[in-house]
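Swiss-Prot annotations:
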- D21, H209, H211, N245: Mn(2+) binding site (BINDING)
- 12-274: domain 'Pyruvate carboxyltransferase' (DOMAIN)
- 396-519: region 'Regulatory domain' (REGION)
Amino acid sequence: MNTSISSQPPCIRIFDTTLRDGEQSPGCSMPAQQKLVMARALDALGVDIIETGFPASSQSDYEAMTLIARELRRPTLAVLSRCLQADIETSARALESATKPRLHVFLSTSPLHREHKLRMSKEQVLESVHKHVSLSRTLIDDVEFSAEDATRTEEDFLIEVTRVAIAAGATTINLPDTVGFSTPEEIRNMFTRVIANVEGANKVIFSAHCHDDLGLAVANSLAAIEGGARQIECTINGIGERAGNCALEELTMVLKVRNAFYNIDTSIHTSRIVSTSQLLQRLVGMPVQRNKAVVGANAFAHESGIHQHGMLRHRGTYEIMRPQEVGWVCSHMVLGRHSGRAAVEQRLRALGYLLEEEDLKLVFEEFKQLCEKQRLVTDVDLQVLMQDTTVQHGYRLASMTISDVGNRANALVELSDPQGQRVAETAQGNGPVDALFGALAAATGVKLELDSYQVHSVGIGADARGEANLSVRHNDTQYEGTGTSKDIIEASALAWLEVANRLLRNPENMQNKQNTALA
């Protein structure tokens, strides 16, 4: 592939917005401590830029940025801001502790947005871009400007907006496909023409931020690279507003597997992709579909007899990449009652969990208790421990009893509250799960409205467990929860408690939190 700008770096910058745009996916809200856990994993993955949130819209995002900035030194840390002086100043304060700060400002540019959202003329948009990018540069040296809804903006006006932003000091220009409307050819042509017609284009990095409303986010991001983009904005598992964003794992593996065609690299340590994906699934309670490219459970599964025969002869017949390249590896280390803390920590790191000393101590105590109940501890068991400890500080399930009462079910649950006190409640329902959720609601005081509920098996043979996935609503906001146990009713209780604890840990979630969407 011939790139449009030979002077640009041969390595694509990966801008991960899982903690900002990804979190805007319904049910994927994360409190500050969970964002820190995820940011550590993104750092270990090799992400170049981590967008941590929108500090002006949320105190939790402000706190998350502060926590992350104190710890992470390698990646650039970005925060989003509207073109408003107060937003920009708040964002700059949130970035004060960052070693490599970036201020990311955006403004809509399309005629539809100008007329109905901004109620601004072209001249007013240009004036605002110049004013607020200039202000941002007085506070932070690294400034990214995003022309929201760029792909539906008149080409001549988009060129003018880009010129003004560069003249005002922007170091990165992002041209988003905000509603996932464009096709690869249109995206490629847009980048090619804007770069060719804007003075100073060779002095900045052009970025693409593509949404997946028509399933083209990854294809459009690749087309943007062909048109000259040298930064791609993406998320783990493709989570994000509406249908999501460009999936980091898919984009990076395309560039790796088809490197002879694209001749462009990334800084991503691909062997950490699966563990990072699984960590996110646990944190937000949103599993990926089994046939999801790269990270789905079936991504390297072969059932057809013809395919299996070919694989036995040569793996290359039906596999274009090795499972180990993205982190699909089996542990050869057996964990049990004689395993030490170092062995447990090493396995947790391989699974994508980077723990503070206090959290590791808590997990190891739970590990030793589990070893009293079963001879061996699997990766699935460790992930359940993580869900029960570092993720679920709050109410813990102590015991439960389900019984039939005529045509109804009765549930008795006993919980340990955040202070360690025991709380017991009972409830009746139309079935065991309905009764269980009623008892949990009575015990915690959290009311959740169930939208969907699924149970499936994870693991193989004697190690198999039931995983419960539920989607619930609280104050008209959707949340996802996941629980895993050898008992599916217990797994359901853990999934329910995961959501309840998340709500109780973050008071903002107990209200209607407004997310401001970009691009």
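Cβ atoms here come from the backbone N, Cα and C positions, even for glycine.
When other Cβ atoms within 10 Å of the Cβ of H209 (Mn(2+) binding site) are tallied across all protein chains shown, the result is 30. N245 (Mn(2+) binding site) falls within a strand when secondary structure is assigned with DSSP. Mapped onto DSSP helix, strand and coil, the region 'Regulatory domain' (396-519) counts 38 helix, 56 strand, 30 coil. D21 (Mn(2+) binding site) is surrounded by 27 other CB atoms, counting those within 10 A of its CB over all protein chains shown. Comparing the binding-site residues H211, N245 by how many other C-beta atoms lie within 10 angstroms of each C-beta, the top residue is N245.
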